[in-house]
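Undergrad: Have a look at this one before I ask anything.
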Amino acid sequence: MEKTYHFTGIKGSGMSALALMLHQMGKNVQGSDSTDYFFTQRGLEQAGVPLLPFDEKNIKPEFELIVGNAFRDDNNVEIAFAHKNGFPFKRYHEFLGHFMEDFTSIGVAGAHGKTSTTGMLAHVMSNIVDTSYLIGDGTGRGNAGSEYFVFESDEYERHFMPYHPEYTIMTNIDFDHPDYFEGIEDVTSAFQDYANNIKKGIFAYGEDVNLRKLSAKAPIYYYGFEANDDYRAENLIRSTRGSSFDAYFRGEKIGHFVVPAYGKHNVLNALSVVAVCHNLGLDMTDVADHLLTFRGVKRRFTEKKVGETVIIDDFAHHPTEIEATLDAARQKYPDREIVAVFQPHTFTRTIAFADEFAEVLDHADTVYLAQIYGSAREVDHHEITAQDLADKVRKPAKVIELDNVSPLLDHDRGVYVFMGAGNIQKYEIAFEKLLSQTSTNLQ
């Protein structure tokens, strides 16, 4: 009888991608989660993967049980039932560590840019050579016969330590997740441990001082804009249509590349993809062709229009990510008002980076803040509020509530950049409904 894989917490971005991969490989897959809508479930529904509410009746001793990293005995009935009955299970990252052993695997690690870079690398490689992939926006493709496996490698709680890929990209090292990491030295130590796992090659951003500190058995290739980088981007042109650059490997030009994406960070993401593909011996003309057709990943500078109003949805929830997202918006819309609508994610992160959040939000013309979205792992001790953060921002800033987003209407030709990792999309949906109603009333 064919084994059934049950995913507890299947709507998680990594979990849903892994479930889709196994489903496409012909495995029996099902999963459970809360009944709240999450953007990853659309792909699961389209694939016909059964989605169930959490219930101990979902767990059978013959199932292979894969559990999201956030779930424990005290917050999930399925885990409590499995423990009580002695049913074995693997955490997501433990299962993935074993899964990748059947492929030549390429991880993408970094405090920021993992999902976008994983998506870009997966898009390019899968159009050139048979490649399975797992992207942190909930997208996955699985083929047991694939030569390569591209996946997102997460540093939080050192979840990437079971991974021993042949290659990895490291986009940057930055202090985040203050509920777990003690500081930048702790984060750097985690990346050093991960670097020790890599078998054949590391591709690291050369202008990151902490990445420059790493040592490894595998060769380290640095990429960036400086003369001492192994892979270097030159002749960079950024316009309202995207970005283009020439790529060099140790002084030798390897190609000209155009990326229909915005922001300096996306040029670096593309350069890291070029570096990996060049090292693997893939044809650079093919790489250039498929970079040109990359359309991004879910919730990373995702654009839509409601009438003439531009709305951008982005997962940015760290100061570095907000800065990059607003830079991208400025590149594409240099003559329009940039309106940032930001929901801080977790109280610990908001406390740790309050001044940094205020500084980067000042890159927008006007700022709106949603109430802080607390993590299930923490308690609100009322040490900080969204209004406290608004008071630190120098540009015009105010707090809005989900039941009244009408202040957002006060901007003609505004480009609205909704950012956050919580439920900021609910504010976006409320604003879209308000725009539609306003438009109808004017007709």
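Cβ atoms here come from the backbone N, Cα and C positions, even for glycine.
Feature list, courtesy of Swiss-Prot:
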BINDING   G110, A111, H112, G113, K114, T115, S116  ATP binding site
Undergrad: Cβ neighbours within 10 Å, counted over all protein chains: which one of the binding-site residues T115, S116 has the most?
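TA: Answer returned by the neighbour count: S116.
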Undergrad: Across all the protein chains here, work out how many other Cβ atoms are within 10 Å of the Cβ of G110 (ATP binding site).
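TA: If we count other Cβ atoms within 10 Å of G110 (ATP binding site), we arrive at 27.
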Undergrad: Including all protein chains shown, what's the count of other C-beta atoms within 10 A of the C-beta of G113 (ATP binding site)?
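TA: Other Cβ atoms within 10 Å of G113 (ATP binding site): 25.
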Undergrad: Please list, in sequence order, the residues in the chain of K114 (ATP binding site) that are at least six apart in sequence and whose C-beta is under 8 Å away from its C-beta.
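TA: Residues satisfying the criterion: V108, G136, E152, S153, D154, T171.
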Undergrad: Near the Cβ of H112 (ATP binding site), how many other Cβ atoms are there if near means within 10 Å?
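TA: Result for H112 (ATP binding site): 20 other Cβ atoms within 10 Å.
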Undergrad: May I ask you to report the DSSP-based helix, strand or coil state of K114 (ATP binding site)?
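TA: Assignment for K114 (ATP binding site) reads helix.
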Undergrad: Residues with Cβ closer than 8 Å to the Cβ of A111 (ATP binding site), same chain and 6+ apart in sequence?
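TA: Listed in sequence order: E155, T171, N172, I173, D174, F175, D176, V187, H318, T320.
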Undergrad: Starting from the Cβ centroid of G110, A111, H112, G113, K114, T115, S116, which together make up the recorded ATP site, report each further residue of the same chain whose Cβ lies within 8 Å of that point, ordered by sequence.
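TA: Apart from the listed residues, the neighbours are V108, T117, T171, N172.
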